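In what follows, a single structure is set out as C-alpha cells and then discussed.
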Ligand code: DGL
C-alpha cells in the first residue's frame, strides 16, 4: 500500500478525541481514519502518571498495528503524561501530534475578565501545562479549573440535562459573578457539552477548544512529510474501543455526526 493511502490514527482515553477527529475529517475528507478510544480505562485524568503513560504507549502500539501513517494523541491528559516518551520512541518512524489547552487564542481575544481553563486534574498538574501558563501569565488573568467527574458524564452519553448543568454550576459558582473573558476546553471530551456549558456561563462567552488547531497542525505535518492522500474519494473511518461493545461504537459514530 502507498504510504499516502494509509489511515491516520487517533487516540483518546475514550470518546473525547472524536471532537478532534471531526475537525480533521472536515478539512481532510479524503483521508482514511482509524480511531481508538480506551473507554474501558477512562477516565485517565485522575489516574497515576505511570499508568497513563503505559496505557498511552499501548494505544500507540495498537494504532501502529493498524498500519497508520501518523498518530494524533487527541487527549490533553495523555499528551501531558506521555508525549515526550512517545516522541523519543516513535517520532523517527512516524509523525506524532499531541494536543494542549488552546490558551493562546483565548488570551489573544483580549476580552475583559478571567480566562478559565477547564481540564482534568492531571493535565493541570503536569509540567507541560505549567510551561504554557508561564508563557501567558502576564497577558491575562488565568484560572485553572480541574473538572474531575466531567469526562464520566460524556462517556455515559450524558451531553445535556439538569444533572450535568448542576455539576457545571457548582464548578463555576465562584467565577460567575465576575467577567469571564473565555472558557478554554482543555480536555477533548468537553466540546461535546458546549451547549450545557453555554447555558451555565452565558451564550456570549467564547468557548475555545484545540480541535481545529490540532487538525491544521496534522495537515501541515502530512504535507511536510509528503503523506497527504491524493484520492478524490471520501475516506474510510474505522472506530475501535477497548470496551468492545457495539453500544459504544454506535455512540462514537453518532458523535462524529453531531
Ligand atoms: N479527553 C481526555 C483529555 O483530553 C480526557 C482524559 C480523561 O480520560 O480523564 O484530557
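Glycine residues also receive a Cβ, built from the backbone N, Cα and C atoms like all the rest.
According to TrEMBL, the features are:
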- 12, 13, 44, 45, 76, 77, 188, 189: substrate binding site (BINDING)
- 75: active site, proton donor/acceptor (ACT_SITE)
- 187: active site, proton donor/acceptor (ACT_SITE)
About how far apart, in whole Å, are the alpha carbons (Cα) of residue 188 (substrate binding site) and residue 75 (active site, proton donor/acceptor)?
6
Determine, to the nearest whole angstrom, how far the Cα atom of residue 13 (substrate binding site) is from the Cα atom of residue 187 (active site, proton donor/acceptor).
11
Taking the mean position of the Cβ atoms of 12, 13, 44, 45, 76, 77, 188, 189 as the substrate site, which residues outside that list, in the same chain, have a Cβ no more than 8 Å away, listed in sequence order?
14, 16, 17, 42, 43, 75, 78, 120, 123, 151, 187
Residue 12 (substrate binding site) to residue 75 (active site, proton donor/acceptor): how many Å between their Cα atoms?
5
DSSP output for residue 76 (substrate binding site) maps to helix
Neighbour count (Cβ, 10 Å) for residue 189 (substrate binding site)
29
When you tally the Cβ atoms that lie within 10 Å of each candidate's Cβ, which of the binding-site residues (13, 76, 77, 188) has the highest tally?
76
Among 12, 13, 44, 45, 76, 77, 188, 189, which the record lists as binding substrate, the farthest-apart pair of C-alpha atoms sits at a distance in angstrom of 12
